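Asker: Supplied in C-alpha cells, the structure appears directly below.
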C-alpha cells in the first residue's frame, strides 16, 4: 500500500524539536525543514530552505555547501522519509523519497489481486493453445496425401505432439506470463524515468539498446540451432517408434544392440547440436548482463554530470532515474531465461505450422445423386510408380474393367501390382494431372473420372479388408462400429448399432470367440489388436467392412490368417455379401477365388490372363494353371464326399495369445515404482553423473558469483548515496570512483553469466544424453509382458522417451542455473543485510522466511500433482494420435478422420477441464508465493523507518538492508517462477529411475546362466516340452495343460488348429517371450530357463505372421542383429535366393543398398516383406527355425520355392523347423504334425492328433476334415 503524503503541522515540528533538544526557526510562511545531523558523535540541528531558496536548485546547493562548511554532516532526514514533503530540498531526504516512490511503482505491479488472475489466464491459455495446435496438427496430417504421410514417421508425430507442444505450453503458461508482466513493469519504469529526465533516460537506454542489438544477433542463431536439435530428436523418436512398435521382432533377432546404436547415434547428434547452443548462450548472457549492469554505471555517472552542470535541478531526479534503470535491469535479467524458452517455443511452433500451413488434399466433388457406385470401375492405360521408388514402375499400362455387381479376383506373384490397384481405387495415390508426370492413365467410375468424386463419399461406398488388419486400442464393439461411419446408421443409437454389429460378427464367424471373452463386446483389444490372435483380428476386420453393407467390397487376402474351418465359414459369408455388389478379391489361396465371376492374372504390372476359373484352367501352359498346380496337395481327400459333414468339434479358445497379458505385472510394477522427493530425485541423477564434476564445479562457482551481484549492487548503491555528502571535486572523484566500481561489477557479471550459460547448457545436454540412453536401454530390456500392458504401448513409451529426458535437461540447464543464482542471491542478500544491521534483518528475514518456504512447498507440491495429471492425459492422447497415424490407411478407408479428431478433441478437452479446475485454485498459491516478497519489502520499509527515527541506524545501513531485501525478494520470486520446471523434471526423473531393473529382476539376472557356444557344423536342435501348462493372468482356465511334445534334431514339425488355440503361444514359449506356468522346455537337453538369453536366441530364427522391417537399406534389414563377421556376401545372396527375393532386389536400381525409407512397412508388398524376413531368418543359420504363418503372403510359385529350400535344409539335418500354419499345403512334408483342438468350451486346449501328413489322412480324423475343405481343391 502506498504511503500517504502528510504535510507536518507546526505542533508536530515543536514536538520533534523538543525531542531533539534543539531550537527550531518558525515562520507562518515557512515549512518545517529539519534533520538530525551526526557530526563527530554529537547530534545537531540544521535547518535550511526558505520559500525563496526553494525556487532555485543552485541556491539550495550553495546553502547546502555552507551548511557543510559550517561543520554539518548531512546524513539523512528522518521525517521526510516517512512524512515526506514534496518541496523538501535535502538530497538524502530526496534519495529516501525516491526509494519509496520506486518501491510503490514495483509493488503496484504485483499485488495479489492482479497476479492471481494473470497467472490463471496464462495457464489456461497455454493449455488451450497447446491443445488447439495439436488438434490442428493432427487434422492437417489427416488432410495430407498418403505420399506425404508416408514420409512422416510415427516417432516424429509423437515427438511433435508431446515434446514440442509441451514446450509451447510451458512458454505460454509460465514464461509468457513473466514476459508480459516484466514488459509492463519495464514500460512503467521508462515512463517514470522519461518524466523526470528524458536526457538521462535516453543516454542510459543506449546501454539497453546494446541488449536489443545483442539479442537480435544471438536469438536467430538459437532458433536455427534449436530447429536442428528438433530434427535430431525426431530421428531418434522415429527409431524408438520402430523398435517398440516391433518389439517381438527386435528381441527375437537379438537386434537390441544394433538398434540401440542407431538410436544412440541420433541421441549423440542431438547432444552435439545442443552443445552448439552453449557458446551462443555464453555470448548472449555476456552481452545482456554486461549491458544491464553497465547501465547502472552510466546512469549514475551521467546523472551526476547533468546535476553538476545544472541540467538537472534536483538530486532526486538522478535517484529516480537510477532506480528506474535498476528496475529495468532486474526485469531484463528475469526475462533472460523466459526469452530463451519463448525462442524454443517459436522454433517448435515452426514445426507445427510447417505442416498446418501446407497444401491440403481437395476432397470435394461429385456425390449421390450426381454420381453412383453401382457402375463399372475402369482402368485405362494406367502407369504408376510409388513416390518412394520413382525408378521402379509398378503398373505398366494396365487396362482392367471391374464390372458392377460382379466379383473380380486379382491373382499373381508378389509385387505384381495387385495391392497398388486397391490403393488407386481408394485414392491413396493420384494419377498425374500433367503430362510431365510418369503416373499416367485414367480411372473411371462409370462416366466420371475418379478424381472428380467427393473423396469421403467415395470411400464410404467401399468396404476394405486389408492383408494386415488394423484394430484400434478400443472395445470390440467400437472397432466394428467404426465401419458405420459415413453411413445412414452412423448417428443411430447403440441399440440399433448393436443389432447390426452382432449380425456382421456372426457372418464373419467372430461372434463365437467374442461370446467366450469375459467382457464380450466390451473387451479392449489392445494396441493394434495385440490381445487377439491374427485370425480373430482378421474376422473383426471383415465384420467391420461388411457391417455397413458397402456397394463395393475389396478383400485383400482377407482370410489369410483364419483357420481352416473359420475360413470356410467366413468365405461362405463373404460369398453371400458379395452377391449383387462389386467385389474385388486379392488372394494367393486360389481356392478362395474359384467362384469369382472374373479372374485377372497379374504379372510385372500388367494383366497377362483373364477369364473364369474353368476357362483359365483349360489354357495349356497358362500362368493361372501353374499357380493352381503349385497348391495341390500330394494326396487329396475325396473332393465332396465328406464336405457336407465336415463339422469339426474344434472351438476357438476364448483367450488369445496375448489376452490381457500379465495384469498382475501391472500391480507389481506399480508397487515397485518409487515416488522420490524432488531433491532426492535430482540429487540421485546428479550423483550418478559425478564424473562430470568439473562442469558441476564450474556451474556452482559461476552461479555463486552471479548470485553475489545483487548483494554487491545493494552495497554499491548505498555507497553511491553517500557520495552526496561531498561537493566540488571531491564529489566528482567519488562519483567517478563508484561509477567505475559499477562498471567493473558489470564486467564481472558479464563473465560470470557467460560462464553460467556455457557450462549449464553443456552439462544439461550431456546429462540428458546419458538419461535418454539409459532410459531407452532400460525399457528395451523389459520383458514382453511389460510391453503388453496398455500403459506401455509403443506410442506411450515413445512419448515418455521424448519428453522425460528433455524435462531433466531443462532443469539441469538454464532453468536450474537461474534458481541457483536466485538461491545464492538470497543467501548473499541475507548475509549482507545482517552484516549491516542485524535487528532489521532479523525481523524481516524471520518474518518472511517461513511464509516464503511455505509458499514454495505449496507451489511445488501443486506443480507435482499437476504434472502427474498432465503426464497421464498427454500419454493417452499422444498414444491415440500415434496409433491413428500408424493406421492412416485404415482410418482413411473408413472415413474415420472426423471421428478420430472428435475423439482426440474429447481427450484434450477432458485434460483441459481437469487442468482448469487445478489452475483455479493454484493461482491463489502462486499469488501468495509472489506476494510474500512484497510483504517483506513493506515490513522492511516500516520497521526501518522506526529504527531511523530512533537514530539506531545510519542511512547507509538502511539503504543496504532495504536494497538487499528488495533484491532478495526478487530472487525469491524468480526462484518460484521455476516451480513448474522443478515438478516436471522431478516426475520425469522418477520415471527414468523407475525404469531400471527392479531387485527381483537383478536377482534373476545375477544367477549364472549357461552360455551356448556355436559349433562350426550346423546341426538342428532337439526340443522337448515336458508336461507344460500355460495360463495368462486374465484367464481362469489355462490355455493348455500337460503339453508333451518331442522334436528331434533336423525334424520339420508343424502345429495346426483353430485360431486362438495356442499355436502361436508355443512359438512365444520357445522364444522365451513368456515362461510356462508349469513344466519345463528343454533345448538340447537343457532347461531353457537356465540358458543365457542372448546366446539362446542366437540359435533361433523367427518369421512372424506379420513381417516387420525397419528404416534402412535392404541389406541392413536382412543382416539386422548379426555382426559382419558372422556371414559372407555369398551366404547373404544364397539366403535371398532361397527366399526367392534375390531377383527382385537386383532388379532395383540400387540393389541391396536400396533404402526402404521411414515407412518401411509400406514401401514393399506383403509378399516382398515376408520374403525379406525369411531371408533374414535363413542368414542367421539357426539350429531352430520358427515359422508362424511365414508364407501366408507369398504367391504359390514363390511359396513352393521357399518351402523347398527350407525342406532341403531340414533334410540335411542342418536345422530344426517348427511351423504354425493354416495353409496345410505348406506342411504336408512335415515329419510330425500336431493338431490342436479343444474338447469342450471352457477347457484347456490340447493336442488331439499327431503324425505325418499321410498317417493323419489315413486316420480320417480332425486333420483329414481340414484337408477335405474345398479351399485345398482346385
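Positions of Cβ are set from backbone N, Cα and C atoms, glycine also.
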Asker: Give the range, chosen from 737-757, 758-778, 779-799, that Swiss-Prot lists as transmembrane segment.
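Answerer: Checking Swiss-Prot against the ranges 737-757, 758-778, 779-799, the transmembrane segment one is 737-757.
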Asker: For the feature transmembrane segment as recorded in Swiss-Prot, pick the matching range from 153-173, 237-257, 258-278, 321-341.
Answerer: 321-341
Asker: Which residue range, 676-696, 697-717, 865-885, 886-906, is the one Swiss-Prot calls transmembrane segment?
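Answerer: Based on what Swiss-Prot states, transmembrane segment spans 697-717.
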Asker: Check each of the ranges 99-119, 120-140, 183-203, 351-371 against Swiss-Prot and return the one annotated as transmembrane segment.
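Answerer: Checking Swiss-Prot against the ranges 99-119, 120-140, 183-203, 351-371, the transmembrane segment one is 183-203.
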Asker: Looking only at Cβ atoms, how many others are within 10 Å of the one on residue 792 (N-linked glycosylation site)?
Answerer: 22
Asker: Let me spell it out: for each of the binding-site residues (412, 1057), count the other Cβ atoms within 10 Å of that residue's Cβ, using every protein chain shown. Which one has the most?
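Answerer: Of the binding-site residues 412, 1057, the highest Cβ count within 10 Å belongs to 1057.
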Asker: Let me know the model's mean pLDDT on the domain 'ABC transporter 1' (377-629).
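Answerer: Reported value for the domain 'ABC transporter 1' (377-629) is a mean pLDDT of 83.
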Asker: DSSP on residue 1044 (N-linked glycosylation site), three-state: which is it?
Answerer: strand
Asker: What three-state secondary structure does DSSP assign to residue 1117 (N-linked glycosylation site)?
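Answerer: The three-state answer is helix.
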Asker: For residue 1044 (N-linked glycosylation site) and residue 1063 (ATP binding site), determine the Cα separation and express it in whole Å.
Answerer: 14
Asker: Based on Cα distances to residue 1057 (ATP binding site), point out the closest of the glycosylation sites 473, 580, 792.
Answerer: 473
Asker: These are the glycosylation sites: 580, 1117. Which one scores highest on other Cβ atoms within 10 Å?
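Answerer: Per the Cβ count within 10 Å, the most buried is 1117.
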Asker: Including all protein chains displayed, how many Cβ atoms other than that of residue 1044 (N-linked glycosylation site) lie within 10 Å of its Cβ?
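Answerer: The answer is 11 other Cβ atoms.
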Asker: Name the residue among the recorded positions 414, 473, 1059 whose Cβ has the smallest number of other Cβ atoms within 10 Å.
Answerer: 473
Asker: Let's check the environment of residue 1061 (ATP binding site): how many other CB atoms sit within 10 Å of its CB?
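Answerer: Other Cβ atoms found within 10 Å: 29.
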